[in-house]
Structure formats: structure tokens, C-alpha cells
């Protein structure tokens, strides 16, 4: 080997290894790389591998004290992106030794830390990660998962129904609890704190928790069904978050909520461990995700954030609607919905899945469809998301002309109609409107809802689309 030689060096000499055969313990990453002009693709791919593992910008003599070959990330494959000039997918393999066990925080600090501010790249985006079985096994994952949740709630054979309480800011705790009661009484399974309801001057968290618990018990007694309200425990410190979760448990609440990106993965994993130890379900909101995942050329795709959440832990996570007001293309969305729910997912580039992922029975996460959806969307949502999902109608419940409880009734009737039609073998995509119309004949609440929302559409092209194949 060559002795120590100072100076700046090309990354590709060390970090571009097309002959490398990936190990099943490696963490694999697919980056979409948009380089500065004049930098050859191998150098860019190698640069990403280096900066996100052992490399630094110059030769350092301490390299001689370790085995670079053992610890370095390797760019093992580069492919041009069809239809894009000068853009590549760089595949990088990281040896498992580089990562702390059971820490999503550490995994991200390594893989998407410094490298994203790197000058040689105009833009870089992490499209997908393959988490090896050996690493997955160091995580607890979701506190309970889909099957345990159904058993706890005694609800089978249909999607679950939720509603975010609006107006999201400004209600007093008692009025807030009243809205919760009306929705649950009308037929919803859950109501939800908005993600930015934490503990503000107009409604402190403890007051809200108390009135919501009262609403849950009252609605359960009247309907004979198990009800829940996602009590948002997100707080300014981890200690305060756990304090809120403890109080929720003392009230006998079935589920709490956390904003996992603004709260951070460390806090989220702590909350998930607390929830499993104490029998609480954990609803996860993805506030801030679009800052990270919306641009096609830079940032991180949501499927990576979704995988990270399954490792860190949550029983529900918001995953777009495909039909409402928020971003989500159908194939891409279904790709990461499967990554959240299923145990084994095959590589399938037509759905944006770059790697085969085996979760080795880590519990699944229920995808939550929420944002600009209403009764007319119900057949499409039932068709797209299937039974293992939570459909959330905020305005689509509370905007009902007769009030909150009738709004909840309308949604529950629409859902039961769609599930019944599906079980009879009808085509929900083609006959959706007809199914809702038929159901509205015997439900005045649904008929009124159909009238209000018959013209509402959110038609914009998605910003983040699949590459042409």
C-alpha cells in the first residue's frame, strides 16, 4: 500500500466499487443525484458514499489506524434517470457497523447528514433505503400493530373512521370535548387533536385530556362501541411528552398522538416504548414532512420517512389520500402504504420501490388518509386503501349542515355502504357514486352531506411523480 500522501484526492478511487456484491447485512440507499456540471457520474456517486460514511475532504493520517475497507460506504451502481438530463440514481451500500443499534436518529445522521449540503452536488435526494433484517431486529417498532389494535378495539372487516376536531386552534377545552363527543356518538371510531394543538394559552393540555376522556366514556356508553381520541402528547421536551402520555394512561385513554418529525425520532422512539409498556396505541402525524419530501430532486422521499417511522414506532401514520387536497400519486402512495402494512415487499420500480424489504414480522402501521376528503370519496378510499386503514374526515364531518353528529352518521353510513358493496363484489371505482346515492335514500344525514359536497374537487397535478420507465 502507498504510504501517507497529503492532498485532496478523488473519491472514486476509494468509494466507487462497481464490482462490489452487496451483503445482506448492508444498509442500501438509492440517491437521486443532480451533480454540478463537469463532475463525472462515478465521482458524484462516490462522493455521496464517502461523505455519508468514512470520507473527509482530504487525506488524513489517522486513516492508517483503521480499516477503511471494512467501514466505508460504497457506491456500487449508477444509472441515469430516464427523461432527465444529467441526473443519476446512485446506489450506496453501508456496512452495518457504521450504525448504532435501535437508533433511527443515528441512521439518518449518517446517511442524510452532511452529504446534502455538499458543493459537488446541485441536489441530492434519498429515494429509498433497504433496512437489513439484522438492523430491523434491533428496533421495537410499532407499539402494537394492526392486529393487536383491531383486537383492542374489537373492530374488524372495515377501515376505521376518524375526524380531526376543527377549528384547530381557539376552542376551549369544554367545547372541544363536546365536539369530540358528538363525532364519536354519531358513529366515528376516533377523533383527533390537530397536530398543532399541544398546550396553548386558550386550552392547556390537561384540561383538554380530561374533557376528551369524559367525551369518550359517554360516547362508549351510548353506542356500545369502543371509542378513542388521539390525545396529542407532543411537547417541548421529552420529559413533558412522557408526562402527558402518563396522564392519558391514568385517564384510561386508549390512544395518544405524536408529531414525529417536529418532535424528532429520539422523542418518538421513547414515546413508542412507553406506549408498548403501558398498552397505549400511538397515532403519528407527519407535520413537516413536505419540507423534506415534496421536491422531486432534493430531500428525502416519504417512503424513507415511512420506513423510519415503522422502525421508530407508531400504530397509525398519515400517508396522503390520493383523492383529497394533499399531495399523493396513487402508485407511489400505495407503494409506501404497503411498506407500512405488509411484512414483505418486493422491489417494484413502477411503484417507486427500489429495494425488496423484509420486515421480519415487525408489526405493521395503519396508514391514515386525511385531508380534503368527504362522503363522495368513500368508495374510492375503500377501494384504494382496503380494510387496514384509517379514513379521517375533519371538515368532511364537522362541515355537515346539520352539525357534527349527523356529519359522523353520514360518514359511517357511507363507509358501511361501500364496504357492503365491495363484499358483494361490486366495482367501487366504477359504481362509487351510485353506491353512495343508493345509501343516501335511507339516510337523511348522508343525503344532506352528498348535497353539500357534490361539487368539491381538488384537481392539481402532483409535484412529485414517478420517472418514465
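Cβ from N, Cα, C; glycine included.
Note that the structure is a prediction, hence the values are computed from the model and not measured.
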Residue among 77, 316, 318 sharing the substrate site, where Swiss-Prot lists 114, 164, 168, 286, 370 as binders: 318
Length of the line joining the Cα atoms of residue 370 (substrate binding site) and residue 194 (Mg(2+) binding site), in Å: 12
164, 166, 168, 194, 195, 318 filtered to the recorded positions whose C-alpha is within 10 Å of residue 285 (active site, proton acceptor): 194, 195, 318
Residue 286 (substrate binding site) versus recorded positions 166, 192, 194, 195 - nearest by Cα: 195
Pairwise C-alpha maximum, in angstrom, for the residues (114, 164, 168, 286, 318, 370) that bind substrate according to the record: 37
For residue 114 (substrate binding site), the three-state class that DSSP assigns: helix
